[in-house]
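K.L.:
Take a look at the following structure, please.
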Amino acid sequence: MHTVYLSLGSNIGDKQAYLQDAVSLLGQNTAILIDKKSKFYQTSPVGGVEQDDFVNMALKISTTLEPTNLLEFIHEIEAQLNRVRKIHWGPRTIDIDILFYGNEQIFENDLIVPHKEVFNRLFVLVPLLEVLEQDFPYEQQVKQAIEKLKDTEQEVVEIPAQKPARKRIEHAVREILSAVGENPEREGLLETPERVAKMYEEILSSQKLTQFEEYKLFKIEKTAQDQTILIKDIPFYSMCEHHMLPFFGKANVAYIPKDGNIIGLSKIPRLVNYVSHKLSVQENITRDIAEILNDILEPKGVAVVVEARHMCVEMRGVKKGNSQTKTSFFMGEFEENRETRLEFLESLN
Ligand SMILES: Nc1nc2c(c(=O)[nH]1)N=C([C@H](O)[C@H](O)COP(=O)(O)OP(=O)(O)OP(=O)(O)O)CN2
């Protein structure tokens, strides 16, 4: 077994939840033992990129994985937690760096160990010192580097560990139940907090995702005329961000391919699910389906029409039962060419 020290950081979304998810995914690998976890620290961003504060932590692990296999597994976890590399040292849902791999010196193109910045970053050093084993060869160097960086503007503040998201939702549901005059301990409600927490994970499954990736593109013979590809009546369910009540209905999505580029037909309903499985409003769902499809395919045109019933209109307030809300969003030829747009709208009847 090799003793390895990792630094973890996140500054997008539910930062601690991303760190907790990363630790649990690391621990699920039978070749990895999590020996010690540091506390969580709120830290000011280092590296000159204007961005949100990070939450950082460090881990001491024992592993049979060789360095490159460990790095490969780390990259898989980062991908699973929707890490998107846009700006060097920029914002990220999760970043996991190998700081030390035993006493080994590693110089490979995508892996330098000890990590090249380890002694320049207080957000790494403070959590690392917490998990360092006694007589670790670099222990003195870590302590000296902390002393040296203490008076810089690098802020590292310990913060309390938040409960995992599901536990926080269960607690909140119990609070709501008692606040509306219910007894959360009564027979019918005992498991309700847990059921609601599980339900939110399912119906808000896109909430933490940062980009739609479930698609496959194909190339077809460039057709003689620019045919419109329409997927009609795609059922969807979402939750309105104003009252956290369901709204649901059907989405109609059309596009005109350019240069024979098409998307797998099943991927459009998946895109509708990706866009709708988060707190939103119907206008944003309609626009997001169109804009994401347009970004992926760069077609000649995209058209989306969504029709839905809103429980926030039917169950409360104006209480207008069975009313349908229709929203549309057109891009490219569907926006510029009235005839193309009308032809699409007629095809929905
Ligand atoms: N307060 C913090 N500031 C910064 C953090 C952090 O976690 N807390 N992280 C970074 C870096 O983006 C991150 O540490 C990765 O840096 P590094 O391993 O040195 O280089 P990469 O090749 O992984 O950088 P990419 O961004 O992935 O290209 C900056 N500040």
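From the backbone N, Cα and C atoms, a Cβ is placed for every residue, glycine too.
What you are looking at is a predicted structure, and each value in this text was computed from that prediction instead of being measured.
Take a look at what TrEMBL says about it:
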type	residues	note
DOMAIN	88-99	domain '7,8-dihydro-6-hydroxymethylpterin-pyrophosphokinase'
BINDING	C240, H243, C312	Zn(2+) binding site
K.L.:
Per DSSP, C240 (Zn(2+) binding site) is which: helix, strand or coil?
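P.N.:
In three-state terms, C240 (Zn(2+) binding site) counts as strand.
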K.L.:
Other residues near the Zn(2+) site, CB within 8 A of the CB centroid of C240, H243, C312?
P.N.:
M239, E241, H242, M244, L245, F247, H310, M311, V313, R316
K.L.:
In the domain '7,8-dihydro-6-hydroxymethylpterin-pyrophosphokinase' (88-99), how many residues does DSSP put in helix, strand and coil?
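P.N.:
Counting residues by DSSP class gives 0 helix, 5 strand, 7 coil.
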K.L.:
Which of the three DSSP-derived classes (helix, strand, coil) applies to C312 (Zn(2+) binding site)?
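P.N.:
The residue in question, C312 (Zn(2+) binding site), is helix (DSSP, three-state).
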